[in-house]
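Asker: Just passing along the structure, written as structure tokens.
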Amino acid sequence: MRMRRSHLQRLALALNRVPLSGPNCHLDPIFSTRKPGFLQPYSAGLGDILSGPNAELTSSVFLRGETAFIRTYSLQLPRRRKMKLDRGWMWCLLLLSSLAGAAAAAQEKQLELDVSDVDEDMGLDDEELNVLLAGEEEEEEEEMEMEMEEEDDEATVMDEDHGDKTDGTASAKAGVDANVSFQVTYKTPVPTGDVYFAETFDDGSLDRWQQSKTVKGDADDDIAKYDGKWAVEQLKENKIPGDKGLVLKSRAKHHAISSLLNKPFVFQDDTLVVQYEVNFQDGIDCGGAYIKLLSDTGDLNLEQFHDRTAYSLMFGPDKCGEDYKLHFIFRHLNPLNKDTEEKHAKRADVDLKKFYTDKKTHLYTLVLNPDNSYEMFIDQSSVSRGSLLHDVIPPVNPPKEIDDPSDSKPEDWDERAKIPDPEAVKPEDWDEEAPAKIEDPDALMPEGWLEDEPEFVPDPIAEKPEDWDEEMDGEWEAPQIPNPACETAPGCGEWNRPTINNPLYKGKWKAPLVDNPNYQGVWKPRRVDNPDYFEDLHPFRMTPFKAVGLELWSMTSEIYFDNFIITSHKEVADRWASDSWGLKKLVASANEPGIFAQLTIAAEERPWLWVIYILTVGLPIGLAVLFCWPKKSDDEYVYKKVDPPRADIEEEEEEDEEEEVADEGKAAEGTEAAAAAAATEEAEDEEEEEEEERRRGGGGGGGRRNRSRR
């Protein structure tokens, strides 16, 4: 629909009074000679942003030149301003809140979880646990008065810096200090069943133990004596007042100490359970912490205990270099010749390094069953299991058949699967004398090469030493130095062409290989019965033992041993561990720094970890912001039309009129210029014609005048 400007202005005034959906909303048309467009919204006379469910179909007016076009648009008009959150953002907030709550709950219940973990590790069911708890309550009631006097039984776990300076007695009297994380009551554990040996060292003495007084047979005299020191002490870290252990105090010394069992253990129908604690308080460089169960040979003398003293089995950790081991070695008696041979169990199925480096107390347990099965535990978690018949090296039983030692390979036995082709002939053009490398014929000597200059010259500033004796040392010659003249040249001395691969080189000719028609296979000696064969189906039945001993060499001191127990019941060892090692684990867990402190400590030792931390934290945050930040929907972006100022319209009209006048003036000027140019061209043509007529003669002049008059 086309309209003139005056009609369009009246229409705009009328539209300005038409109500839309809101009480104070109306449409302002845009008049412009430019391309149609929307201006940014403004509040004067327009109300809120044009959006909402109550929007109506409205008209917008666009002006192009002298003609206006009316188009219709559907605009959204909301009733009030409102910030909308994206659903993804709300889900992210809920997720982050849930994670924060879970972390707080886990922090509060960490101690309870540690206690429950210890109980679960003991392997006790509900009935056994209730019996133990009931027994403990009865014992506590009976000994309540004694506990008031026995201050060593009351232990207060302090912060690491403060705990080392405050003893258990002072803490018990003072109550709970500000630095106390929690309090535990330590009682010397008492075996709940039949045991062959149990030792806690809590009495602070070694009366039950015998230190060796002999020497090591195959060692140097200065280190042959077993003169390493032992002491009964508390742990250096995470100590529990009243709890003590045996500590190896010397480094680079031989140590040997042993103790008799309550009664010998006989390998018949009872399971063997050996358990004890080890803490490498200063780490470990090279050394062991294993125990030996000394055989009941009838002539066992603990004062003469040394490395060759007969033992039935050996069990425990050992480390040298980067080789971390958990030994289980038993000595098997050959029923034929009565010789003993060491059998080594297979290596553990897990990485053992952390047990040697974390400076924590770890519990080592060996369970050996009459059915020849065995299992090793660290901290009550299985690390290796197997059978004495199949999982030890060398095997218990020798093979039935062996290679005949008297058998030998026949001289005419041909083991060659391939042989050179006897019918092959070397080609005539095969040159075996051709060199592999030849001089490059295309090479040229570099420009500037100094052939007359040597590579090295005598040092001009060198002087013969004053003490040089030519009769003794010969004629003195100055030392050679690189020729200074060769520093700027590509080279000096005789130039030789570089060598390249010889394209004609083939090497020594060899006949191709073909199948050997006389091939007989790889020769093997015949098999014969093994004269030393025997079959022992019960390797569990080893030599009985009646003592436990530690015979060690270590380059690191401060190795802590505690709570030895030898029994026939795994449950007894588990209960013993719950009263001893379980408390150590609980205290160590409580005194550990928080996760952030551990990360900071690790980053101080390895600064590159800061990069990992930043990426680990920053990347999820960046992704969360990228994907969860509320996005503005298309409904929120609306455009309002505004009424441009009347002064601008008038100015535009004046500019249009001025442009029209200017165009008319330019057109008139162009017409006048064209006429002047045409007249000029006509005058020039006439002058040329007059000149031509003058050349022809005088008669031509009258004609020119007559034409000029015309």
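Using the three backbone atoms N, Cα and C, a Cβ is placed for every residue, glycine included.
TrEMBL entries are annotated by machine, without manual review.
Annotations for this protein, taken from TrEMBL, read as follows:
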COMPBIAS  400-435  compositional bias 'Basic and acidic residues'
COMPBIAS  649-662  compositional bias 'Acidic residues'
COMPBIAS  681-692  compositional bias 'Acidic residues'
DISULFID  Cys286-Cys320  disulfide bond
TRANSMEM  88-106  transmembrane segment
TRANSMEM  608-629  transmembrane segment
Asker: What else in the chain is close to the compositional bias 'Basic and acidic residues' (400-435), if you only count residues 6 or more beyond its ends and a Cβ gap under 8 Å?
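Answerer: Result: 502, 504-516, 518-530, 533.
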Asker: Please list the DSSP helix, strand and coil residue counts for the compositional bias 'Acidic residues' (681-692).
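Answerer: Tallying H, G and I as helix, E and B as strand, the rest coil: 12 helix, 0 strand, 0 coil.
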Asker: Mind checking how the compositional bias 'Basic and acidic residues' (400-435) divides into helix, strand and coil residues in DSSP?
Answerer: 0 helix, 6 strand, 30 coil
Asker: Are there any residues at least 6 positions away along the chain from Cys286 (disulfide bond) with a Cβ closer than 8 Å to its Cβ? List them or say none.
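Answerer: The answer is Lys319, Cys320, Gly321, Ser554, Met555, Thr556.
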